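If you check Swiss-Prot, you get these features:
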type: DNA_BIND; residues: 1447-1499; note: DNA-binding region
type: ACT_SITE; residues: ASP464; note: active site, protease
type: BINDING; residues: ASP652, ASP727, ASP728; note: Mg(2+) 1 binding site
type: BINDING; residues: ASP980, GLU1012, ASP1032, ASP1085; note: Mg(2+) 2 binding site
type: BINDING; residues: HIS1237, HIS1241, CYS1265, CYS1268; note: Zn(2+) binding site
type: BINDING; residues: ASP1291, ASP1343, GLU1379; note: Mg(2+) 3 binding site
type: DOMAIN; residues: 459-530; note: domain 'Peptidase A2'
type: DOMAIN; residues: 587-776; note: domain 'Reverse transcriptase'
type: ZN_FING; residues: 385-402; note: zinc finger
type: ZN_FING; residues: 404-421; note: zinc finger
type: ZN_FING; residues: 1228-1269; note: zinc finger
Amino acid sequence: MAKQGSKEKKGYPELKEVIKATCKIRVGPGKETLTEGNCLWALKTIDFIFEDLKTEPWTITKMYTVWDRLKGLTPEETSKREFASLQATLACIMCSQMGMKPETVQAAKGIISMKEGLQENKEAKGEKVEQLYPNLEKHREVYPIVNLQAGGRSWKAVESVVFQQLQTVAMQHGLVSEDFERQLAYYATTWTSKDILEVLAMMPGNRAQKELIQGKLNEEAERWVRQNPPGPNVLTVDQIMGVGQTNQQASQANMDQARQICRQWVITALRSVRHMSHRPGNPMLVKQKNTESYEDFIARLLEAIDAEPVTDPIKTYLKVTLSYTNASTDCQKQMDRTLGTRVQQATVEEKMQACRDVGSEGFKMQLLAQALRPQGKAGHKGVNQKCYNCGKPGHLARQCRQGIICHHCGKRGHMQKDCRQKKQQGKQQEGATCGAVRAPYVVTEAPPKIEIKVGTRWKKLLVDTGADKTIVTSHDMSGIPKGRIILQGIGGIIEGEKWEQVHLQYKDKIIRGTIVVLATSPVEVLGRDNMSELGIGLIMANLEEKKIPITEVRLKEGCKGPHIAQWPLTQEKLEGLKEIVDRLEKEGKVGRAPPHWTCNTPIFCIKKKSGKWRMLIDFRELNKQTEDLAEAQLGLPHPGGLQRKKHVTILDIGDAYFTIPLYEPYRQYTCFTMLSPNNLGPCVRYYWKVLPQGWKLSPSVYQFTMQKILRGWIEEHPMIQFGIYMDDIYIGSDLGLEEHRGIVNELASYIAQYGFMLPEDKRQEGYPAKWLGFELHPEKWKFQKHTLPEITEGPITLNKLQKLVGDLVWRQSLIGKSIPNILKLMEGDRALQSERYIESIHVREWEACRQKLKEMEGNYYDEEKDIYGQLDWGNKAIEYIVFQEKGKPLWVNVVHSIKNLSQAQQIIKAAQKLTQEVIIRTGKIPWILLPGREEDWILELQMGNINWMPSFWSCYKGSVRWKKRNVIAEVVSGPTYYTDGGKKNGRGSLGYIASTGEKFRIYEEGTNQQLELRAIEEACKQGPEKMNIVTDSRYAYEFMLRNWDEEVIRNPIQARIMELMHNKEKIGVHWVPGHKGIPQNEEIDRYISEIFLAKEGRGILQKRAEDAGYDLICPQEISIPAGQVKRIAIDLKINLKKDQWAMIGTKSSFANKGVFVQGGIIDSGYQGTIQVVIYNSNNKEVVIPQGRKFAQLILMPLIHEELEPWGETRKTERGEQGFGSTGMYWIENIPLAEEEHNKWHQDAVSLHLEFGIPRTAAEDIVQQCDVCQENKMPSTLRGSNKRGIDHWQVDYTHYEDKIILVWVETNSGLIYAERVKGETGQEFRVQTMKWYAMFAPKSLQSDNGPAFVAESTQLLMKYLGIEHTTGIPWNPQSQALVERTHQTLKNTLEKLIPMFNAFESALAGTLITLNIKRKGGLGTSPMDIFIFNKEQQRIQQQSKSKQEKIRFCYYRTRKRGHPGEWQGPTQVLWGGDGAIVVKDRGTDRYLVIANKDVKFIPPPKEIQKE
């Protein structure tokens, strides 16, 4: 074996030094190290496994290749231990080859694992460089300066692998250690000066040591200047240090001497500081002793610092820093209490003043009293202490002379936990209380210390559930280093070292956990990060003293809870869920459900980026069935509404939801199921004991609970500013620092009594403080992310654009800039991956917002000063700013332009929003500053354009562009245009008649309102600068008077009209109420109502009065061969009157030349293109040039005669003989009836009535149909319902897996059905709108389903004017009609489904069958009955309106407000809501009379008789 070993040693000569270094690495906690045999065994085994790599030299690249391959192998069960040993040994060899010195095998494995990702990148880069520069030396990663083959040099950055390796060495051995010096000297051989200094600055280490190193470098530089006077060939200090040089310049050959000098200076500085640190007089070694006073310690420290050969700035830094860090724990705590967050910057004199009493006998007694004080009573000191036994202040419960009292039975002598009469608590009601939900852990009187093995050492750690991290003062360097970590707590910000994968052992439980090494920590703490893994929990004793209020929750009436089966999950997800649920059960947050709790909600899980599983619960169905609670908090608090405070503290409540118990009777509805893989065992069912995540009432219950808990405490502390939103608490005060922190600690103790914990690492003391996305500073506030990302021109997806705009909108309270162009870019395709194109205008708009965000800072509210809100017109938006002092805004905002509102109305809307914001945030009414002049706003208010003004307002010179008031309701000098438009004789027409005699009319499609507006538009186009417009449309009249800005109008016709009007000098608009009795309006009404001869196109000419016809124009040059006929389409469409027809005739000039028009009859209703058929009777070709008159159109009167029957008495030779007189005509209809039945499957009665065949024949057709025989209707449900015209019933039914919403009209039996996605209230309300739009119902009956009885549904029914009633619960007779309809519908649907491809088509066919093809006893279908009822209602309404149409009255007119004599009687020409129109017989004028000056009388008797 010895020979074999020596032979193997010769086989790896290149690894001789590496193996020697590897043998110094310890295998475990003891002194046992790896042997040379272990290394050779590993190398030999690797060569045997990977024969393709056997011949390659053992470089670091080969080792990483082997490492990656080993990771991909899966060893057999019996070889796992050897395989792990092989991996560990290889990791040690790799570390030794890279020059690293891990202490243990475990540390080596951690280092290699950490470098895997970086190594892959390095290999890829290395291959590329080797191809370009084959002359590189072996360890090319240490050469940032690369020699080119073509001459010269180039620079490349320091490799990340090298930088990481240097960081690791500095962290493990120290910044000034020999190991770090040796590594830096090796790698920095060809680094530039700038690279050396930058790498040194970024290394982890003591700040004092870095300051000393910098001082030594400055001394070297001063020495160089003294010894080397300036000259042409002498290097300057800047050249040596690389100041003012680019990387390329510094890499050239002429700078080699400068780089070597800089490298030597750095090495000298490292050695000097290292020797200084080991010298007895080193100030960093001067530390305060426990029995030493602070003054004596400072004297020794200052003496040591003054003796150091360093500059004065470094001495000052050492004095300020070491006077705190090297002080004793007692002095540090005293300085923290007195100096607060500025303790690190305080002078030595201030620290001596703070610690003047530390070490005295009185101070020692005070510390002893604090140490003996029971835990959890920090908030009750001195006279504020209160006995929870008798309720009196001044002593504690254990000191009470009245004896302990039981809080269950009220008797003295025993505690509640020992009470024999105590019974099991029942279900809590509203207002009842219970303790915080916790796991069944052992309860102790004070936080205990337990023995934990950390790495290789046993330590006593304090169990602290308020600490998130596990903190130790020293560590054996086992595990994986993860760099520095910042810890924040009451004492300020502290920096420690983070280590992962550290061996932790508590009793028999062993885990791999994370720790933080903090040498200055006064106590070593076991945090919550490792407590749960080790199975340790802690409950403070005083947490049992107060109970959490319970909020009652329940399901909606008639609901039974969710019963949704758990869907299948993969094995991986089941394992992740099991781990989570087991932990929740152990902590007491979930429990095992009893068998009779049948509700179920599905669960699933997702994997987070950290690799851990997160449990999700699908509470959608439970949320639907649960009654809502009011929101206790309606929005986020805003920092602009906070008052400026001297001290602030931000607290975070840990596990907020999981601390509050769920109302016990409700817990049965929260059950969920853990499946068993492959059904190997029964499923395990759980229920929630606490507020679960994802349940809709968790936020409300939490808010109400915290409100009840904190109400009394807040009232007792009026001197503080208190804010809470969910689990974030804000506390601000102007008290002293110690008093402020005392109140914070008191609050922490107070809510801890209810079981709520405040994690120490999430507590923020002092400014800057981060709260709800804001960053609070002493005099201002801003957003945490205070920059917006840049955007560039080019394509961008809608999803990314929405995220950018969302970031901007969140920050609008500091930006206050509108982005109309970017918002318009978001319109169009709503697909998230659809692309938009960013242009320069969008970039400029975005950059303006980014710049504004950089410049703007928010201020705090001062309750002693008034608040002002200033509004102005921005870029298509209203921008406003809220302030108390000019230039110091509390916040700003933007209200984007609202369509169909004038500028003044938009500013008032924004003022309302501003006022509401100020009242909510500060409780004060602001003084509003409006842009423009005061008289303009008063005029707007008087005209009725705005109906609200702020309580306190004034004006300033703003940028609002007031429109000139050129649209008035008075007569202006100029022509008058009477306009009208609408549906006349079934066609849309519009036009105007001017007082100048000008007339215009045209056919056009559109609604009545659109045609009215189009008539006004045409009049505005043709009218002069000054004109009047008269319309009978109140809608159009009021629109014009509002004088809207055309930029904010949605209606395009209205926008065009306002643009034309604003370009006029002055325009008067007038309204007349009707056409009757007003000559001009009657004239325009008749004018556009006439069916006029209208043409479209240029293929016809106007004719003279004496001409017989209209000439038609040839559209283009036409060639007609001899004897041929050609059809020519001309540019003409014509609309004839009802009593006209037309013919196309030949012109005499063409007939003389042998060219004739053939046919050419145009019917009265024809509206298509006119075509002319031409025949060339010549024996040669004829050419008709373009534009030639070649035919004529002649109008003729239309004569219509009715065709009379033949007549029964007429004598003919045939007489009554022949087929057809036998009476058997119905036989021909049987095939038609069979064909129709095969399509729609009607019943026999419908076939009998529709085709006139005998009833027996129709029944034979139905009986011979196989489909109908297989799908016979079931027996009819019996029951009675309310029936009536326009009264409907509605209900859901299910066909296979599809849901159908069915409506049936109770009078006619008409059915309307739609397939829906689900039985939700939102879906039902959408379908209700469709149903109402088609049938205009009056009343509806439904059952008591959640969708039908929801509050939103009731509000919709009330809005539509539908009387909605519900049937009797659980009584099917109350819904008998719609239930019967369900059976009929599904029976017919089953017959028709095979005939259609889509289910929706089959459903529509079913409605045709039941509504149209199904005939009743009188031969009418449900559709016939429904239409007949609607027509009867219309006729009755019309008859009633005609009876009320003709009215008579007496009236009187007023002069200067005084009523005149009564006149009349006269006929009412038009009546409105508040006035009528009559014609004055004396003056022949039309008068508008208010109803108060009218007395209506019955019509004359002769009219009544008629």
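Every residue gets a Cβ built from N, Cα and C, even glycine.
Shown in sequence order, ASP652, ILE653, GLY654, ALA656 are the residues of the chain, 6+ apart in sequence, with a C-beta less than 8 angstroms from the C-beta of ASP727 (Mg(2+) 1 binding site). Among the binding-site residues listed here, namely ASP1032, HIS1241, GLU1379, GLU1379 has its C-alpha nearest to that of ASP728 (Mg(2+) 1 binding site).
Checked against GLU1379 (Mg(2+) 3 binding site) by C-alpha proximity, the binding-site residues ASP980, ASP1085, HIS1241, CYS1265 yield HIS1241 as the nearest. If you take the Cα of HIS1241 (Zn(2+) binding site) and the Cα of ASP1343 (Mg(2+) 3 binding site), they are about 31 angstrom apart, rounded to a whole number. Taking only the Cα positions, the spacing between ASP980 (Mg(2+) 2 binding site) and ASP1343 (Mg(2+) 3 binding site) is 50 angstrom.
A 10 Å cutoff on Cβ-Cβ distances gives ASP980 (Mg(2+) 2 binding site) a total of 28 other Cβ atoms nearby, all chains included. Taking Cβ-Cβ distances under 8 Å and a sequence separation of 6 or more, the neighbours of CYS1265 (Zn(2+) binding site) in its chain are HIS1237, ASN1238, HIS1241. Here the binding-site residues are ASP728, GLU1012, ASP1291; the one with the fewest Cβ atoms within 10 Å of its Cβ is ASP728. For the recorded Mg(2+) 1 site, residues ASP652, ASP727, ASP728 set the reference point as the centre of their Cβ atoms, and the other residues of that chain within 8 Å of it by Cβ are ILE650, LEU651, ILE653, ALA656, TYR725, MET726, ILE729, LYS762.
Comparing C-alpha positions, ASP1343 (Mg(2+) 3 binding site) sits nearest to CYS1268 among the binding-site residues GLU1012, ASP1032, ASP1085, CYS1268. Each residue of the zinc finger (1228-1269) gets a DSSP state, and the totals for helix, strand and coil are 34 helix, 0 strand, 8 coil.
In three-state terms derived from DSSP, ASP980 (Mg(2+) 2 binding site) belongs to an extended strand segment. Mapped onto three states, the DSSP output places ASP728 (Mg(2+) 1 binding site) in strand.
Recorded residues ASP1085 (Mg(2+) 2 binding site) and ASP1291 (Mg(2+) 3 binding site) have their alpha carbons 49 Å apart, per Cα-Cα distance. Under DSSP, ASP1343 (Mg(2+) 3 binding site) is assigned to coil, being neither helix nor strand in the three-state scheme. Looking just at the DNA-binding region (1447-1499), the mean pLDDT is 86. According to its DSSP assignment, ASP1085 (Mg(2+) 2 binding site) is helical. Counting only same-chain residues at least 6 apart in sequence, those with a Cβ under 8 Å from the Cβ of CYS1268 (Zn(2+) binding site) are HIS1241, VAL1262, LYS1391. Around the Cβ of GLU1379 (Mg(2+) 3 binding site), 19 further Cβ atoms fall within 10 Å across all displayed protein chains. Cα separation, ASP1291 (Mg(2+) 3 binding site) to GLU1012 (Mg(2+) 2 binding site), rounded: 43 Å.
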